[in-house]
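As structure tokens, the structure follows; a few thoughts come after it.
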Amino acid sequence: MASGLGGLNKSPNGVVIGLAQLALPDPHTREALWAQTQKVVGMVAKARRSNPGMDLIVFPEYSLHGLSMSTAPEIMCSLDGPEVVALREACKEHRIWGCFSIMEANPQGNPFNSSLIVDDLGEIRLYYRKLHPWVPVEPWEPGDLGIPVCDGPRGSTLALIICHDGMFPEMARECAYKGADIMLRTAGYTAPIRHSWKITNQSNAFTNLMQTASVCMCGSDGTFDSMGEAMFVDFDGTIMAEGGGRADEIVCCELRPDLVREARVHWGVENNIYQFGHRGYVAVKGGARDCPYTYMRDLTAGQYRLPWENDVVHTDGRSCGFATPEREFKPTPSSWKE
């Protein structure tokens, strides 16, 4: 499917998404965090000016906080804090949907790596805490809100995952299973992950008949180098549009969720998300609907264990300078209501 020349030729059923390859910041004070927030607010305005037909502007993971992995309380955000208020107001002012990243204060443990989808009236439509922090490098609390989906612009259904989440095929499958026709993936990845980034963005799309829109931070903060690499993939796994390494570029593409829905209903061969739960339906009525996967049954029972479990070297964050944790996992209540 064509990209509509980056949304310049918008079709009646199209959803135009911009992926912002935001320059990598390095804030260590509240003032620096606020300055970076204002930069993102300015980029929301730029998105609207540069493409009047854009429906949604997506910012990468770490777009406010950079890659320092600092958990300093003075630079953590909250859902009702000034940074989130400013981002919501920007969407409302410029009548555009936005996807934003925050490191969220957690009084019961380590901060959460969280993301929001805000509509063009400034309302939070989706709130997600990263399920799979990039261990052993990242110190964030494991997410505890599942994988939500929300109604998006122009009849789309959106899901949002963060960076390392996309390396687990179960994440994209859950997004699609809950009805998402477009999955957003925001990241701070650096160059060594480039190949894995591309093939997982494509496989996540193809195996779920879902369009994916993915973007990393971009450029250098003097220590780390993020890669940009904005990428749109169609539901058949083909790349529709992609960016390079130019910081602060907004890469745009028109997606067609109506064609995703059509494929999910009408495809026979490679309708994998349906066939996963209806194995061999040519031979048996409705297909086999059991669960033949040992790892799924074990995970559900709290007994997930690899044959080489005892030999795994990295099982905490000590190799990256973090203390061995003593707390067991316990979900943290959220004040946000859908």
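Glycine is treated like the rest: Cβ placed from N, Cα and C.
The domain 'CN hydrolase' annotation in Swiss-Prot covers 15-257, and the record cites sequence analysis as its basis.
Taken from Swiss-Prot, the feature active site, proton acceptor applies to Glu61. For the recorded site, Glu61 (active site, proton acceptor), the DSSP three-state label reads coil. Sequence-distant contacts of Glu61 (active site, proton acceptor), defined as residues of its own chain at least six apart whose C-beta falls under 8 angstroms from its C-beta, comprise Ser101, Asn113, Ser115, Ile162, Cys163, Thr186, Ala187, Gly188, Cys216, Met217.
The Cβ of Lys130 (active site, proton donor) lies under 8 Å from the Cβ of Phe112, Asn113, Ser114, Ser115, Trp140, Pro142, Gly143, Ile161, Ile162, Cys163, His164, Asp165, each of which sits 6+ residues away along the same chain. Swiss-Prot lists Lys130 with the feature active site, proton donor.
Using a 10 Å Cβ-Cβ cutoff, Cys163 (active site, nucleophile) registers 27 neighbours. Sequence annotations record features per position, and here Swiss-Prot assigns active site, nucleophile to Cys163 based on sequence analysis.
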Tell me, roughly as an integer, the mean pLDDT over the domain 'CN hydrolase' (15-257). 98
